[in-house]
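What Swiss-Prot annotates here:
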TOPO_DOM  25-638  topological domain 'Extracellular'
CARBOHYD  Asn76  N-linked glycosylation site
REPEAT    93-119  repeat 'LRR 1'
CARBOHYD  Asn98  N-linked glycosylation site
CARBOHYD  Asn105  N-linked glycosylation site
REPEAT    121-142  repeat 'LRR 2'
CARBOHYD  Asn124  N-linked glycosylation site
CARBOHYD  Asn130  N-linked glycosylation site
REPEAT    143-167  repeat 'LRR 3'
REPEAT    168-193  repeat 'LRR 4'
CARBOHYD  Asn276  N-linked glycosylation site
REPEAT    314-336  repeat 'LRR 9'
CARBOHYD  Asn314  N-linked glycosylation site
CARBOHYD  Asn348  N-linked glycosylation site
REPEAT    386-408  repeat 'LRR 12'
REPEAT    409-432  repeat 'LRR 13'
CARBOHYD  Asn422  N-linked glycosylation site
REPEAT    434-455  repeat 'LRR 14'
REPEAT    456-479  repeat 'LRR 15'
REPEAT    480-503  repeat 'LRR 16'
CARBOHYD  Asn510  N-linked glycosylation site
REPEAT    552-575  repeat 'LRR 19'
CARBOHYD  Asn558  N-linked glycosylation site
CARBOHYD  Asn574  N-linked glycosylation site
REPEAT    577-600  repeat 'LRR 20'
TRANSMEM  639-659  transmembrane segment
DOMAIN    692-968  domain 'Protein kinase'
MOD_RES   Tyr766  phosphotyrosine
MOD_RES   Tyr804  phosphotyrosine
MOD_RES   Ser852  phosphoserine
MOD_RES   Tyr860  phosphotyrosine
MOD_RES   Tyr867  phosphotyrosine
MOD_RES   Thr868  phosphothreonine
Amino acid sequence: MAMRLLKTHLLFLHLYLFFSPCFAYTDMEVLLNLKSSMIGPKGHGLHDWIHSSSPDAHCSFSGVSCDDDARVISLNVSFTPLFGTISPEIGMLTHLVNLTLAANNFTGELPLEMKSLTSLKVLNISNNGNLTGTFPGEILKAMVDLEVLDTYNNNFNGKLPPEMSELKKLKYLSFGGNFFSGEIPESYGDIQSLEYLGLNGAGLSGKSPAFLSRLKNLREMYIGYYNSYTGGVPPEFGGLTKLEILDMASCTLTGEIPTSLSNLKHLHTLFLHINNLTGHIPPELSGLVSLKSLDLSINQLTGEIPQSFINLGNITLINLFRNNLYGQIPEAIGELPKLEVFEVWENNFTLQLPANLGRNGNLIKLDVSDNHLTGLIPKDLCRGEKLEMLILSNNFFFGPIPEELGKCKSLTKIRIVKNLLNGTVPAGLFNLPLVTIIELTDNFFSGELPVTMSGDVLDQIYLSNNWFSGEIPPAIGNFPNLQTLFLDRNRFRGNIPREIFELKHLSRINTSANNITGGIPDSISRCSTLISVDLSRNRINGEIPKGINNVKNLGTLNISGNQLTGSIPTGIGNMTSLTTLDLSFNDLSGRVPLGGQFLVFNETSFAGNTYLCLPHRVSCPTRPGQTSDHNHTALFSPSRIVITVIAAITGLILISVAIRQMNKKKNQKSLAWKLTAFQKLDFKSEDVLECLKEENIIGKGGAGIVYRGSMPNNVDVAIKRLVGRGTGRSDHGFTAEIQTLGRIRHRHIVRLLGYVANKDTNLLLYEYMPNGSLGELLHGSKGGHLQWETRHRVAVEAAKGLCYLHHDCSPLILHRDVKSNNILLDSDFEAHVADFGLAKFLVDGAASECMSSIAGSYGYIAPEYAYTLKVDEKSDVYSFGVVLLELIAGKKPVGEFGEGVDIVRWVRNTEEEITQPSDAAIVVAIVDPRLTGYPLTSVIHVFKIAMMCVEEEAAARPTMREVVHMLTNPPKSVANLIAF
């Protein structure tokens, strides 16, 4: 008997020794088969996964870990990146404890064979973006030990899997950033082990999930961002006593903030921004003793900031901007010892800022702009020398800027526009090492600017409309990167320092409406970066520098209303970039030069110069004391009269001959073509005219024809042929294009290179965009090639171009014809806003202007524009919202939805037709079917912005600056999860 048992044991030992290597080899086979379906960017990925005769060689493969029996227990190939699909053979790695395939580019559905991975504790397939289909809940049933399930940022759809409630050990669950629909299953409230719940941006809807309050171990909960709940913040959440992060931003919450949240003693982050919350901020929130970040911005909250906030001793960030809050900002805010960011712009706060604000020494950013605040600026804002951004614009602050701010070396941006501030500006403000912009326009500052100034990064100074006096200090020349200098409407006197025009990057200078004397420095002739110069309404004397024509890129020169003498330099005629010239009301004399750029300017450019001789005058005025070429007697001598009569008869004969020849020459050029350049061009007008051939036409429209022209220097240009001035018709946008594109420069606005013109025809010359218009690509046969990454980038870049027009141009510029066909794409698919034929300057940014007729394109026109003809920048915002919907849906704004229905109405109709509407459900219903592998979170984010832009009420639409901010700043919790 004993011998039989011994033989049996030996047999089992032999079988074990025989088959153990075999099992290890099987895992190697599985890995090598998996490798064949995981393709790297340059062919096969996982280069060290190579077959070997060694039974445990696979255990040294990158991303692979084994147990003592050489069985694979961990497979982590995240951030490789890999393409391809997840092979069903993954289910053969039955000893896997950790499967992490995050941050790759896997596509397709999850294989059901994964249900064999019964030992799995970690399953992380996040940030692939292209995993699709319904999430197969059945694979989870046997994963009884699963602790982490992360599917964030993929394309899963359908309902959330109800099987989650069976995972009794699950601690981390993220289904965020997918295309799910419907409600959160109530059974999710039974996953008692759960510590992290991420359902943000998942397209969920239904009632606000109060049942999640049963998750007593929960520490982080992200359930906002493009989910759409009915109801408000569940009061029951006050029972989640271990909760550290509650993020319900942007999920259509209504009602008031529940006071029960004050029970969350461990909560350090509360994000409820971008909702429709009403009522007051509960004073009970001061019970959140661990709170560090509070964001309640962009809601409809009213009332005052609670005094009890003094108890929030750990808070670092308070964002309350864009609400309806009022009253005084309490002293308690200044008492908060760790406060770093305080943003309350666009509210109705009154009275003074807390005098103790910043005294804690930690303040980094303060933005209280667009309120009704008054009083003095607190002196301790930068006590800790950490303050970086100080924005106090559009209030009623008075008194001086505290001297202490002049010592704040951490400051990077100072914007204190439109207040009642007075006194002298601290000298130190102009010597701060990190400041990039100083904007003090529209106040009552007085005194002289400091004699000593310096700063390596300062690029913008705006001191317009104050009471500054004294001389302009030469020390301004110590700002090597200065680009913009606005000193207009002050009381400066003395000369313009030559050092200013020696700055290597100066592009715009305005010293108009001062008491400046002396001459224009000769150094202006060497300032090649200048684009705009306004020295008007001063007492500048002397002559115009002869070398002014060396400033090749100068587009605007206004030196009117001075005491300039001498003749106009003929070299100005060679300044092909110069589109605006104003020399009026000086003491210039001699003849206005003929030809060149002088053909562009009209008589108003030279008005008010008594002794200046305009080209059409036969005789020129002379100064008192000067003698004419002939005395009075000679003028009326008999011989003179005879000669005059003969000349008159001869002239009549010549005129009659000319009239008879007119019809013969009607089809010939009425004037020689003239090229006017806005930058240095290496071709001539003849080169442009050679390209006006039928085979070069690339587009036709109501304003004319567009040709592609190949210049001798191998540069392609786009030539837009307009109906000209001589036909009696309108100029079809010629003036608007010249006045706008001729004076602005921006990366995302198409460059106007110049124009060629004669009496009958205008030819506008643009940089050529080889990829055509967004409209052509989006709605043509190539639309499918515009994947989401490109579409999103185009949206951001076009928004930046429009933002520049609305917020960085003075006066602001309205485009008035924003549409996909007017967004052009260069060889890198970079977007450029184009076609300014309907553009309009709006002098007062807060006003609107009434137009005589509707401008714009059907399907893009804002509703208020159609029936009031009043236009402001929000009209452009509406049109841009339509473009965003085009990018999402891939459909034209009109013509595809039935009579009288445009894309905006179609989207709203679609929402009404969905049984359980949510942002995700709407996006799924309208998204361009040609898009593949698009990230749900990003598309919904853009969709939300689009719907804000196309609000019926203009006041409800965001500004383009806000649009750019939203497009370029994904929700905070989403951004953090992406970096997982």
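Glycine too: its Cβ is placed from the backbone N, Cα and C atoms.
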Recorded positions near Asn105 (N-linked glycosylation site) (Cα-Cα within 10 Å), from Asn98, Asn422, Tyr804: none
Where else in the chain does the repeat 'LRR 12' (386-408) make close Cβ contacts, counting only residues six or more beyond its ends and a cut-off under 8 Å? 340, 345, 358, 361-380, 414-429, 431-432, 434, 439
So which residues does the repeat 'LRR 16' (480-503) touch in its own chain, when a touch means Cβ under 8 Å and the partner is 6 or more beyond its ends? 441, 456-474, 509-524, 526-527, 530, 534-535, 540
Which one of these glycosylation sites has the most other Cβ atoms within 10 Å of its own Cβ: Asn422, Asn558? Asn558
Restricting the comparison to the recorded positions Asn276, Asn314, Tyr804, Tyr860, which residue's C-alpha is spatially nearest the C-alpha of Asn348 (N-linked glycosylation site)? Asn276
Compare the Cα of Tyr860 (phosphotyrosine) against each of the recorded positions Asn98, Asn276, Asn510, Tyr766, Tyr804 and report the nearest. Tyr804
Tell me which of the glycosylation sites Asn130, Asn314, Asn558 ends up closest to Asn98 (N-linked glycosylation site) in space, Cα to Cα. Asn130
Consider the recorded positions Asn276, Asn314, Tyr804 and say which one has the Cα lying nearest the Cα of Asn510 (N-linked glycosylation site). Tyr804
Looking at the recorded positions Asn314, Tyr766, Tyr804, which has the shortest Cα distance to Asn130 (N-linked glycosylation site)? Tyr804
Near the repeat 'LRR 20' (577-600) in space but 6 or more residues beyond its ends, with Cβ under 8 Å, are 536, 544, 552-570, 606-615, 620, 623, 674, 676-679, 738-739, 742-743, 754
How long is the line from the C-alpha of Tyr804 (phosphotyrosine) to the C-alpha of Asn558 (N-linked glycosylation site), rounded to the nearest angstrom? 23
Here the Cα-Cα span from Asn124 (N-linked glycosylation site) to Asn314 (N-linked glycosylation site), rounded to a whole number of angstrom, reaches 34
What residues, ordered by sequence, lie under 8 A Cβ-to-Cβ from Asn276 (N-linked glycosylation site) and sit at least six positions away in the same chain? Thr252, Leu253, Thr254, Asn299, Gln300
Would you mind reading off the Cα separation of Tyr766 (phosphotyrosine) from Asn574 (N-linked glycosylation site), to the nearest angstrom? 20
Taking the Cβ of Asn574 (N-linked glycosylation site) as the centre, count every other Cβ atom within 10 Å, in any protein chain shown. 14
In three-state DSSP terms, Asn558 (N-linked glycosylation site) is classed as strand
